[in-house]
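Chemist: Here you go, one structure.
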Amino acid sequence: MKILSAAQTRILDEGTIKAQGITSLELMERAATALLNWLLDALHPAADTPFHILCGPGNNGGDGLALARLLHQSGYQPQVWLLPTEKSSADYAANLQRLPTAVPRHELHARRLPTFPAGAVMLDALFGTGLSRPLTGLAAQVVAHLNESQALCIAVDMPSGLLADAPQPADSAVVQAHYTLSFELPKLAFFLPQNAEFVGEWELLSIGLEATVIHKLAVDNCFIEENFLVGRYPKRPKFSHKGTFGHALLLAGSRGKIGAAVLASQACLRGGTGLLTTCIPQVGYDILQATAPEAMCLPDPALGHLSELPDLQPYAAVGIGPGLGQEEASREVLRQLLEAAKVPLVIDADALNLLGANQELLDLLPPDTLLTPHPKEFERLTGEPARDDYHRLEQLRQFARQRRCFCVLKGAYTALATPDGQIYFNSTGNPGMATGGSGDVLTGLLLALRADKRLSACNAALIGLYAHGRAGDLAVQQTGEAGLVAGDIVRFIGPALQELADSLTHIVE
Ligand SMILES: NC(=O)C1=CN([C@@H]2O[C@H](COP(=O)(O)OP(=O)(O)OC[C@H]3O[C@@H](n4cnc5c(N)ncnc54)[C@H](OP(=O)(O)O)[C@@H]3O)[C@@H](O)[C@H]2O)[C@H](O)CC1
Ligand SMILES: [K+]
């Protein structure tokens, strides 16, 4: 699913009107109808629910006015609060005129801001994608007032005051919505942690925006849902054998962090690798053999950390990092690996920290290497703290382009940047997965997928991120969020991958 800029949203808006031979007012009516249907389906509001609709001067306000009319026609008694304005959009004016006189309308006034009771449903239709600067004056006061109320706040298209695709100055007035109901496609703002308190839960309402226009719009940010992955994860051929899926090598573990190597090994095995060899310091030998008996174990001569790079010849892909530690000898193993590797690499955790602390190693990264930092590890890689989440995203894009690598940035919406400058946001996962070892599981899974020669680097990464989150979503149904541990994710990797393998069959059926 494409993530459009505010400017592209306008192009899509106009393109839809032209292609479908409708008026902008009709499109607004679709938007208002979709809002009404959501309110009725999601809230099952009682007939006396106090709906308060706050309307700005543009088409966002027009959506609010049309919704007020539809609510009234459905038997509710909404009230409308208008932001005084000198100029308003044509469709706002048209909908103000169509508003039944029975719907109370009030002008918002700085000294007479209304009290919205806790049981009220507030609709924020002040500003949407047309916001061009931070809110000031009365608009900012209204937003602050709204944020103080205990009422349920639902933002129409965007929380007012939030820009769709760029940061606003710190301390700007922005609505803190419980829900944001956006039209057709998500906005970039929804994916960034700094906006979470404003956006709340977001949902997309389809209003029939023209698919042919969407198809033609070039974007560099996408949101990955299951339908994007249909057909990208091949079924296992009937006559397959363990050689079909590759032999993976994992370099992991140090004293006190053998668990990371175990989790990554288990995830690699559940990720469908044909064979797995895990190279581990001696201290982890018995532990690994006992907890991941399907893996072959290659003990390093050193007791507590990795000190030697094994012969790479037998392997289809190599993963390094989980629980590795940052010993000098392990750094040299990483250096030798980067110099020698002719197969796909997955680099995580302490191996990333070693790259960050020894920037000359970054020049050795083979093309298409997959790196999986969380924000702190990513900062060590770039050596430059990000100003905000938008800046961090551009750093990520730049890093992947410059280093010709695939770089993941882990978070609520884990992002994958590709060497050609695209960013894909993952749609699966839950807060229960913010727990130790979750990243080690991802590394093991990605390693299995990179060892499978049938998958491109990009598909392996997208499938791995999606299946990792989906496994977490399946696990959390049994464990609850607080009770989820990384090992639970491992248990559901198989079912998550199977869903993807079966998705094509479902569509054919
Ligand atoms: N996506 C779609 O296809 C559809 C979207 N719809 C809805 O339309 C809005 C976008 O409407 P638009 O009129 O372009 O913009 P807004 O309603 O967000 O606001 C524009 C007006 O607000 C003024 N403005 C902008 N920033 C500020 C500010 N900081 N303070 C005060 N006033 C501000 C702006 O004035 P300018 O001087 O900047 O020109 C405009 O007057 C979208 O979000 C959807 O809700 C359609 O209804 C359905 C199709
Ligand atoms: K809004």
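For all residues, glycine too, the Cβ spot is worked out from N, Cα and C.
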Chemist: D124, S160 bind K(+) in TrEMBL, but which of N60, N95, N195, N221 does that record place at the same site?
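Modeler: My reading of TrEMBL gives N60 as the candidate in that site.
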Chemist: Among G383, G439, G444, G464, which residue does TrEMBL annotate as binding AMP together with K410, G411, A412, Y413, T414?
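Modeler: According to TrEMBL, the candidate sharing the AMP site with K410, G411, A412, Y413, T414 is G439.
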Chemist: Which are the residues of the chain, N60, D124, S160 excluded, whose CB is within 8 A of where the CB atoms of the K(+) site average out, their centroid?
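Modeler: Leaving out the recorded residues gives L54, G56, G61, G64, A125, L126, F127, G128, A155, V156, D157, M158, P159, G161, V175.
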Chemist: Please compute the mean pLDDT of the model over the domain 'YjeF C-terminal' (225-500).
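Modeler: Mean per-residue confidence for the domain 'YjeF C-terminal' (225-500): 97 out of 100.
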Chemist: For the binding-site residues N60, S160, which one has its C-beta crowded by the most other C-beta atoms within 10 angstroms?
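Modeler: Buried the deepest by this measure is S160.
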Chemist: Given the binding-site residues N60, D124, K410, G439, which lie close to D157 ((6S)-NADPHX binding site), meaning Cα to Cα within 10 A?
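Modeler: The binding-site residues close to D157 ((6S)-NADPHX binding site) (Cα within 10 Å), listed in sequence order, are N60, D124.
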Chemist: Of N60, D124, G411, the binding-site residues listed, which put a C-beta under 6 Å from ligand 2? Please answer none if none do.
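Modeler: Checking each Cβ against ligand 2, the ones under 6 Å are N60, D124.
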Chemist: Consider only the binding-site residues H374, K410, G411, Y413, G439: which of them have a Cβ under 6 Å from an atom of ligand 1? Write none if no residue does.
Modeler: none
Chemist: For a quick check of understanding: among the binding-site residues N59, T129, S132, T414, which residue's Cβ has the most other Cβ atoms within 10 Å?
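Modeler: Answer by Cβ density within 10 Å: N59.
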Chemist: So for H374 ((6S)-NADPHX binding site), how many other CB atoms are inside 10 Å of its CB?
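Modeler: The Cβ of H374 ((6S)-NADPHX binding site) has 18 Cβ neighbours within 10 Å.
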